[in-house]
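Engineer: Here it is, the structure, as structure tokens.
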Amino acid sequence: RLWAVLRTRCDTCLCAGRPRSDCRVRSQQTSVEVGGCVSAPLNLTSCEGGCRSSSSYSAAANAMTYQCECCREDATSRRQVELTCADGSTVLHTYIHVEACRCSRQDCAGATTRAQRRRRR
């Protein structure tokens, strides 16, 4: 199997031979802290899982070409949470809640890599 060793804005690319994706919403109970003020524990969501990627040689370009898909948010909403500060005051904080995730095409870092020629002696 050819493993695509690619770095994109997210690190969720998998081997091209794997199933299409297991991209899904992940929920984790945690607190939000901003400027020394903290919320009660709440469910924060994110996207998690792998998506298809590939790396192949193009004779026409004499370079490697890459195709990547990364697990990203597809639908989000803005929510508010109350934060309590050390002095007892409270402040509202708006955060992004992930509603749905999907595999999305991404530009891979170094979209092409030129093949190095070797001189024969």
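Cβ coordinates are placed from backbone N, Cα and C, and glycine is handled just like the others.
According to TrEMBL, the domain 'CTCK' annotation covers 15-109. The disulfide bond annotation in TrEMBL covers Cys47-Cys101, Cys51-Cys103.
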Engineer: Who sits close to Cys101 (disulfide bond): which same-chain residues at least 6 apart have their Cβ under 8 Å from its Cβ?
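Structural biologist: Expected: Cys23, Arg24, Val25, Cys47, Glu48, Gly49, Cys71, Arg72, Glu73, Asp74.
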Engineer: State the mean pLDDT for the domain 'CTCK' (15-109).
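Structural biologist: Across the domain 'CTCK' (15-109), the average pLDDT comes out at 89.
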Engineer: Using DSSP, break the domain 'CTCK' (15-109) down into helix, strand and coil residues and give each count.
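Structural biologist: Summed by class, the stretch gives 0 helix, 66 strand, 29 coil.
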